[in-house]
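**Q** First, the structure itself, so that you have it in front of you.
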Amino acid sequence: MRRPLALALAVLAALPAVASPAAAAAPAPVGADHGMVVTAQHLASEVGAQVLKDGGNVVDAAVAVGYALAVVFPAAGNLGGGGFMNIRFADGRAAFVDMREKAPAAATATMFQDASGAVVKGRSTDTWLAVGVPGTVAGLEWARDHYGTKPRAALVAPAIRLARDGFVLAPADTSLLQLGAPDFAADPATAAIFTHGGKPYAVGERLVQANLAATLEAIAAGGADAFYRGDVGRAIAEASRAGGGIITAADMAGYRVRELAPVRCSYRGYDIQSAPPPSAGGVAICEVLQILEGYDLSAMGYHSAAELHVMVEAMRRAYRDRQGLGDPDFVKNDIAKLVDRDYAARLRAGIDAVQATPSAALEAPPPPKPEGQQTTQFSIADGAGNAVSVTYTLNSWFGLRRVAGGTGVLMNNEMDDFAAKSGASNQFGLVGSDANAVAPGKTPISSMSPTILTRDGKLAMVIGSPGGSRIITITLEAIVNVVDHGMTVSEAIDAPRFHMQWMPDVVETEPYALSADTRRLLEASGYTFREKAPWGQAAGITTDLFGEDGGGNGLAIPYLAKPPKPYRLYGADDDRDPVGSAAGY
Ligand code: DON
């Protein structure tokens, strides 16, 4: 059974290294010279583009988008959740703002287990115990204070308007609201905002969020203090108490943003700046890319058996290592080792030329050493090469699916990203370890991977996506599709995806990701496949560093897919996301 792929690899090895002719019938990216804002909701994209037009910088635009998405994309945009903001200025300055949730002071390692130590189903996702202390407002305000240029009120104003006056719902908006409707109906305060007496909204209706508008007005007037130390914070603590949760006013008042050094690595001449722990995203992306640098993916060919084999094996190893990561204030993460070229070379040496490595055969990561003690992506860039990549989330779509009292703020269920118990899996099938055990004040490990690529100091790409554990492979495949296969940013994002996360030992594929021949070759090498519905909603920007269409190989449909002239910036929102847009000017 070893022959077919061995043969294929041998043939491919003999081929000269040429760019693989990958061109898809994806829509053209949006081209622009001055600014580009890509988000999962078109009204938020327009808010961000307008801030840039009005002379705001990329951080100002990101802050305004962060607030606006909390209104127009309530499934994942948020004030009651958390996330990461990755900033890169054209002069080389970089900042990574960690605004992810933290466990309340009363949290314990066994809070999601029963008396016998069994994990209680639903407790970490569907109860007030699932809620982490939210970080979004603190993070947006930190970013604005330290890196923005515009007054707070100007950046919150568009969100206030959209909440107070409402916005007209498109089909994709109502589909999302329908998803949450049964749970909204169970909570009167939530039902009053997101349903008509328990019934879902219809297309063309206007969603008005008066309570959220009042909360945003309080933030515009009083900043993060109004949210954490004022009436809003007290209302969140009270809603938590009334619902059986443990968040107190002191937890709210004590929330602190962290600024962390981004994870860095290079791949085929591109410098990558991505998310450090408490995200596993940047480490895993860099680890995979360091392994892949030893293979000529371009010559192997887009989604060939040879390419899938080495990419899946690299993913398998990086997700195995992901399991050992935790909040850097609690666990020592050996980032330098995991993104090191020599380590990658050792891992590469363990990849058989033909056969799949069974996941169980990989040694589990060593136990962590204690140290002292539904998500959305937006990508923003301007013509000068400044960029911001943000992924933030309530975790599940609409998080807990409950607002906190009269605040209009939907709360997260981010505590599910902790390991409820060592060895137990969370809602994304990720296996938990002690490095990610619940502890007071601790942040659960994340896969969110807001990423920025540069080359010789020039901006090349801004990328990221929602998708739970798949965020890492979505972001990675978009990078490989542009860098190795010469795709435009829209082709790279729209291309069918595959995913492997060590455990379970299966390769997930979107429909049409593999030809039947390729699949058979890989099955003969020991792979098991599971086809899944398409996943993720990547938001990406490339620049003219990749050529006239920001990527691409000249094979685009001439009258349709190619922008009429070279631009500095090319933006694309995932075609899997029906209501997002790239807004450029
Ligand atoms: O931080 C994480 O990795 C998860 N809370 C992300 C959740 C997510 O992407 C859900 N959306 N599809």
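Cβ from N, Cα, C; glycine included.
Here's the feature list from TrEMBL:
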type: SIGNAL; residues: 1-19; note: signal peptide
type: BINDING; residues: Arg100, Thr393, Leu394, Asn395, Asp417, Ser446, Ser447, Gly468; note: L-glutamate binding site
type: ACT_SITE; residues: Thr375; note: active site, nucleophile
**Q** Three states by DSSP: which one describes Asp417 (L-glutamate binding site)?
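**A** For Asp417 (L-glutamate binding site) - judged by DSSP and reduced to three states - the answer is helix.
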**Q** Are any of the binding-site residues Arg100, Leu394, Asp417, Ser446, Gly468 near ligand 1, with a Cβ under 6 Å from it, and if so which?
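**A** Cβ < 6 Å from ligand 1, in sequence order: Asp417, Ser446, Gly468.
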**Q** Identify all same-chain residues not among Arg100, Thr393, Leu394, Asn395, Asp417, Ser446, Ser447, Gly468 whose C-beta atom falls within 8 angstroms of the centroid of the L-glutamate site's C-beta atoms; report them in sequence order.
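**A** So the extra residues in range turn out to be Gly82, Gly83, Thr375, Glu414, Pro444, Met448.
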**Q** Around the Cβ of Gly468 (L-glutamate binding site), how many other Cβ atoms lie within 10 Å? Please give the count over every shown protein chain.
**A** 23
**Q** On the three-state reduction of DSSP, what should I expect for Ser446 (L-glutamate binding site)?
**A** strand
**Q** Let me know how many other Cβ atoms fall within 10 Å of the Cβ of Arg100 (L-glutamate binding site).
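**A** So the number of other Cβ atoms within 10 Å of Arg100 (L-glutamate binding site) is 32.
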**Q** Among the recorded positions Thr375, Thr393, which residue has its Cβ surrounded by the fewest other Cβ atoms within 10 Å?
**A** Thr375
**Q** At its widest, how many Å does the recorded L-glutamate site span between Cα atoms of Arg100, Thr393, Leu394, Asn395, Asp417, Ser446, Ser447, Gly468?
**A** 15
